[in-house]
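Structure first, then comments.
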Amino acid sequence: MAGVTAPTSDDSARTALTLRPPRHAVDRRAVGWWTWQVVLWFAAGVVPLAVLGLLVPPARTWLLLPAAALAVVGAVAAVALPRLWFRHHRWEVTDEAVYTRTGWFFQEWRVAPLSRIQTVDTVRGPLEQRFGLATLTVTTASARGAVKATGLDAATAAALAADLTLATQATPEDAT
Amino acid sequence: MTAPDGTPDTAPDTAPDTAVPDASWDRLDRRAAVLAAALYTAAPVVGGALLTAYWVAVGTSLGTALAWTVPPSVLAVAVGAGCGEWMWRVTRYHVDDERLHVHTGVVFRKRLALRRERIRSVDLSADPVLRVLGVATVRVGTGEHAGTEGTVTLWPVRRAAADALRATLLAHAARTGTDGTRTDGSLARFDPRWIRYAPLSFVPPVLGAAAAGGAIQVAEWFGLQEDLFAAVGSWFGLAPAVLVALALLGALLVVGGVAALALWVETWWNHTLDREADGTLRVRRGLLTTRSISLEESRLRGVELVEPLGVRLAGAARVDAVATGLTTGEKDKTESRTLLPAAPKDLADQVAAAVLREAAAPPTSAPLAGHPVAARGRRLRWALTSVLAPEAVLVVLGLLLTPVLLHVAWVSALVLVPVAVVLALDAYRALGHALTPTALVARAGTVRRATVALQRRGIVGWTVRQSVFQRRAGLLTVLATTAAGTGAYAVRDVGQAEGLALADDAVPGLLRPFLVGDDAPTGVPGAEATDLRGTDH
């Protein structure tokens, strides 16, 4: 059909086309932050089980056993996952776009052009505050297009938010 | 929160109104407000009264029954009429150069001023009561956010006044006639033969089940439920149980099918899709309750051609709009964005093309590039897993408990495995994508096959996903994010290089700085783009 271009795949043996990792790793302190997050998540399961196990003698085995198993899984996760995430969470802001990569099992790259940005937020949860970190969220008009950079140094995030706000003001366009 | 909105945008879209109504403000239709409110109240009240009267009359006499039910009914209807009158008293609206002012609210007084250039939708509807009275409900929306915040409803407005209000409020959407391609007029006309697609969906079984439930409920009101069950139970003596059960099921499907036809007629009768001179697409439809739904073309970001399995087998498809901020506060959201009900596929393609102003080359029927064979393997594995996992449970239980379950397992596997394989192969055949000069076209799905043609200018970003399994198979999923519709439209399980190249071509320059590999497109704009935060970690 006229004017239709169906892209063709290139089957040469050269390196396949791929997305390069964004330039910046997240802040080193994010490892500590994520570790605490994982620990707290598992603690929410382990602590009630353990307490009940100690208080209810007849069911002790059946409560302490899962608690111990969960604690072991939690400990492994708390050591392994934050380091894995640290390697795979990356971000970059150019004068054209915001670009992030997250996840390992489900890897996800997100790109939002500055001209389409609607809001720039930085959020600092209680744990993030303790570690001096912040999450930068950039939203576009799409309900599913928000780009989040987690584990940034709080000062970097604040400066980025300010820069992005300026940069997006420079491109007045209907962002939808 | 920072709002990096460069345009001077000091006034909110909706704000408490300080304007004071005077004699020049418009009002609702008083007679219609009183009568319609009275009739709306009367319907359930009379129904309830009849039921109560039946029960009281069974116990005592007809006179007692009437004495118990008539005065409260009359009182309730009077209160309803009073509410209508009150609605008329408290509601005033006025359109000035900048805003639509509305003062309304029976319980909570509401004063709104909607900026006219932010008004996105003006929908009219009229149920039979309102039609007899010659009035309509007008729903005005700013389409800014989902929910009811940005919408205001005027009820009831005289038909002529409602049409005039619609024309006035949407006038700002009119395009300046510079593009020359403007073709006002009819894009689609209702064809009664389309009714043959109405029963080809999940609607008949659902309505059939609802009818059965309704019959049981009504029988309970009149204390006849046990008689009903006894009657149905006695039929099982007449013939083998399987035959009777099948006959009952068939009867329910017939009832459901008839109900589906009736529903279709009520919803779609006299359907027309027009492009109005004011730059809106307007859908008008309905047999008893008439509706007029307007969609500003400036909000349109694409169309979606939807083919549910049954409809697809009959060679038909329906056309949905992919638009930003679609009608809020409307209950039937799917229907309010449907531009064309299930109609022959060719016609649906043409209508989709006409809606997008691409009549020469319908994007939804563009030849699509298929996806790598690895995607077929993934679909087959999903299909087989979803069948074999429950079967495995059956087998384990069968070994532990009773061999009957083993027989259930192999018989059901004999039926379900081929079905799953056929669906998986069909799902693979559905996968495809193409790039037209203006649109990104992507197709997927088997039970609900959808072909979306998303305007490339409407893409506001990319999300690229790759699971570990996809990485091994060299596939990835590319999602084009957009302000319209569901927020993102996916090209699923496309070859890695192909998918990235597609995204790069669709929105030039956006993804290119981040692409690497020997095949990476050269002449990269901003390859060495300066980093806003140069501090390297």
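The backbone N, Cα and C atoms fix where each Cβ goes, and this holds for glycine too.
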Practice problem: For the transmembrane segment entry in TrEMBL, name the matching range from B:153-174, B:197-218. | Solution: B:197-218
Practice problem: Express the predicted model's confidence over the domain 'YdbS-like PH' (B:428-500) as a mean pLDDT, rounded to an integer. | Solution: 94
Practice problem: Spell out yes or no: are there three or more C-beta pairs under 8 angstroms between the transmembrane segment (B:238-265) and the transmembrane segment (B:382-401), with each pair 6 or more apart in sequence? | Solution: no
Quiz item: Which residue counts does DSSP yield for the domain 'YdbS-like PH' (B:88-160) in the helix, strand and coil classes, in that order?
Solution: 14 helix, 37 strand, 22 coil
